[in-house]
Amino acid sequence: MRIYKVGGAVRDRLLGRPVSEVDWVVVGASAEELLALGYRPVGADFPVFLHPRTGEEYALARTERKSGRGYGGFTFHASPEVTLEEDLLRRDLTINAMAEDEQGRLIDPCHGRRDLEQRWLRHVSPAFAEDPLRVLRVARFAARYAPLGFRVAPETRALMRQLAESGELQALTAERSWKEISRALLEPRPDVFIRTLRDCGALHELLPEIDALFGVPQPAAHHPEIDTGEHLLAVLRQCAEHGQPLVVRWACLLHDLGKGTTPAEEWPRHIAHERKGLKLIRAVNTRCKAPRDCQELSLLVGEYHSHCHRALELRPATLLELLQRFDVYRRPQRFEEFIAACEMDARGRLGLERRDYPQAGYLRGAAAAARAVAVQPLLEKGLAGAALGEALKRERLRALKAYKSDVLGERAEPPETS
């Protein structure tokens, strides 16, 4: 029995990056032997075990053969006769097909180290095209390593396009797709993930609502980058630069879907795109089986992001409706996430990335003013039920009027014209 360190741990060590987890391949052993040594089986599809002391994953060396459609359409063969090289050859990219023996010697049959040095994401073999999930994985690696100068090899991009055109991507389960998409959105360059998918035709297959945004113009006065798709990529890049959580990045990804439905004769204006986009946002959320918090925020950002951008112009009554819609009294964190998404939207414009966004502070102050209204004095007046709700609403509206007047001063009301 021989044990080798494989995959990401080897790759990241050679790149000088932190190694967060280590995977191992076991050659020349059977499942029964590992069980006898105290390893715990965890693999549902192929023999993977957890080390009894470290908890790290140990997999028996295996080969795989295409036997059906999609990510799960493979037959696996694991036995003591499978060699390390055979196991490495089934992997997706050359940079993931390296191993180290127990003395730290590198085993690199696919020239992964050379591709690391030359910054290529290159497939190991033509068998790459048998697994549609690899399209998403390569795009995710492109998003992760773009800051280091990595790019997808032309021949690999061609295979990705072949997969996209084959219809195999439609066989991916929502759960597998969401796992890759959500991980990719949290990489250092989520914009590269979307662009890579688009360049190979996969975006049209997986997220056609987003693909439809490219080539759609916006008013240059507000969007110097003009193209809605390019704006979306810039917003995602701002999300990464500001360390936004997944829920904000997902909302930003979907916030402008309505612009993809605007008739060309109405360009570059997109009247009521917020409302028009809600049906599309719901469709993407359902298809991807996004978590509930991601679904909720994406719909709220899609519907109300223009309210946020115009926050300083909103009447106190409209502002109160916005705060109540977000339930800022019980769910303040969701309102913070909404503000963050809108700020990323505003910063994702060519040349305006560093412009201040005073709407954020203004809305936070408005929420604080509304929350500061005390309920107890109203209860002491004997108010209850609907009467209490109406009285509380009046007091909050009064507080917002005072807040706007105090913060904006002479701008609280429209200036007189001569």
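Numbering starts at 1 and runs along the chain as it is shown here.
Every residue, even glycine, has its Cβ placed from backbone N, Cα and C.
According to Swiss-Prot, the features are:
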BINDING   Gly8, Arg11, Arg91, Arg137, Arg140  CTP binding site
BINDING   Gly8, Arg11, Arg91, Arg137, Arg140  ATP binding site
BINDING   Glu21, Asp23  Mg(2+) binding site
DOMAIN    228-329  domain 'HD'
Integer Å distance between the CA atoms belonging to Asp23 (Mg(2+) binding site) and Gly8 (CTP binding site): 8
Glu21, Asp23 as binding-site residues, winner by CB count within 10 A: Asp23
Number of other Cβ atoms within 10 Å of the Cβ of Gly8 (CTP binding site) across all protein chains: 17
Inter-residue C-alpha distance, Arg140 (CTP binding site) and Asp23 (Mg(2+) binding site) (nearest angstrom): 19
Local backbone state of Arg11 (CTP binding site), from DSSP in three classes: helix
Env. residues of CTP site, Cβ within 8 Å of mean position of Gly8, Arg11, Arg91, Arg137, Arg140 Cβ: Gly7, Asp92, Leu93, Ile95, Asn96, Phe141
Secondary structure tally of the domain 'HD' (228-329) (DSSP, helix then strand then coil): 78 helix, 0 strand, 24 coil
Distant-in-sequence Cβ neighbours of Arg11 (CTP binding site), under 8 Å, six or more positions away: Ile95, Asn96, Met98, Gly112, Leu116
Residue among binding-site residues Arg91, Arg137, Arg140 with least C-beta crowding, 10 angstrom cut-off: Arg137
Largest separation between Cα atoms (Å) of residues that the record links to ATP, namely Gly8, Arg11, Arg91, Arg137, Arg140: 16
Rounded inter-Cα distance in Å - Arg91 (CTP binding site), Asp23 (Mg(2+) binding site): 14
Cα distance (Å, whole number) from Asp23 (Mg(2+) binding site) to Arg137 (CTP binding site): 18
